[in-house]
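Undergrad: Before I ask anything, let me first share the structure, which is written out below as structure tokens.
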Amino acid sequence: MRFLLGVLMLMISGSALATIDVLQFKDEAQEQQFRQLTEELRCPKCQNNSIADSNSMIATDLRQKVYELMQEGKSKKEIVDYMVARYGNFVTYDPPLTPLTVLLWVLPVVAIGIGGWVIYARSRRRVRVVPEAFPEQSVPEGKRAGYVVYLPGIVVALIVAGVSYYQTGNYQQVKIWQQATAQAPALLDRALDPKADPLNEEEMSRLALGMRTQLQKNPGDIEGWIMLGRVGMALGNASIATDAYATAYRLDPKNSDAALGYAEALTRSSDPNDNRLGGELLRQLVRTDHSNIRVLSMYAFNAFEQQRFGEAVAAWEMMLKLLPANDTRRAVIERSIAQAMQHLSPQESK
């Protein structure tokens, strides 16, 4: 076992630390298109900022989604259409010309015109009627008429404001967000209860949204970030999981759950640079605790995926030394070792 540990430590110490860029583009044109798109899309939360300028979580998610859609070969129009379908026309700074937008532009002008006409008509009427019939009561009557004059304009303005908010103010999204925030504690208790029914995908999504809102209010909650990372992994949302675990790891690099969760999220990412960064983090974890089965398992998986087959074999063999003889995982590990050995040269396999 000391020999295996020595081999594993030697392999780990021989690897250089890598520095990465978060996003990698095929060429400069694609990078420029990404910048233009993120500057043209409005953040649903920070309504005066684009998703390129906002640091909110939802803006981060949208930037990541734009990047993923671009890597899939989607055109600029297809990406904008995807965002509009999810968040409405409000998400773009240049909404399309529709009957509704025309109505919203015309209504204020009509309201001003009607209000002006009403004021003019009532003023003319007071000039004709008051001197002839009620000269001594002209001032009180004029005061009473003045309040009524503004009533039609106020009513029209309230209608315009209500319609505008309902159609462009993301009312439905705000309602869903408020419901998710209120339901988050109960959903979390249910998720942690092994006897309760498991959450479905929609409930998990609501839980993630509610937890993110709570963490915005309490950003130092390490356990909350770790739990959000687990929810993101369960949803298959790499952006949520990676960001949550990364935040927890920054808050407490010595927290093993945060470090291992972050390493796993990076390892399971579709970005090769994330995979390499995950491998470096796992090397540090192995140096700290070379008897942790979870760490060794994830390290072996990461090494195998990056074709570092010698490191993978050493980690799996270390696991075999640590696991009981009747552990069902041994058979899977032995098959993995045999598969990795096929990729080693005769000198490496000795």
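Cβ atoms are placed via backbone N, Cα and C, with glycine included.
Pulled these features from Swiss-Prot for this protein:
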type	residues	note
BINDING	CYS43, CYS46	heme binding site
REPEAT	222-255	repeat 'TPR 1'
REPEAT	293-326	repeat 'TPR 2'
SIGNAL	1-18	signal peptide
TOPO_DOM	19-96	topological domain 'Periplasmic'
TOPO_DOM	120-146	topological domain 'Cytoplasmic'
TOPO_DOM	170-350	topological domain 'Periplasmic'
TRANSMEM	97-119	transmembrane segment
TRANSMEM	147-169	transmembrane segment
Undergrad: Name, in the order they occur in the sequence, the residues of the same chain whose CB lies under 8 A from the CB of CYS43 (heme binding site) and which sit 6 or more residues away.
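TA: When sequence neighbours closer than 6 are ignored, CYS43 (heme binding site) has ASN49, SER50, ILE51, ASP53, SER54, SER56, ILE58, ALA59, LEU62 within Cβ distance under 8 Å.
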Undergrad: What mean pLDDT score does the topological domain 'Periplasmic' (170-350) have in the model?
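TA: That stretch averages a pLDDT of 87.
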Undergrad: Could you find out if DSSP has CYS43 (heme binding site) as helix, strand or coil?
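TA: DSSP call for CYS43 (heme binding site): coil, neither helix nor strand.
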Undergrad: Work out, from DSSP, the number of helix, strand and coil residues along the repeat 'TPR 2' (293-326).
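TA: Counts, helix then strand then coil: 27 helix, 0 strand, 7 coil.
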Undergrad: Of the residues in the repeat 'TPR 1' (222-255), how many are helix, strand and coil by DSSP?
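TA: Grouping H, G, I as helix and E, B as strand yields 28 helix, 0 strand, 6 coil.
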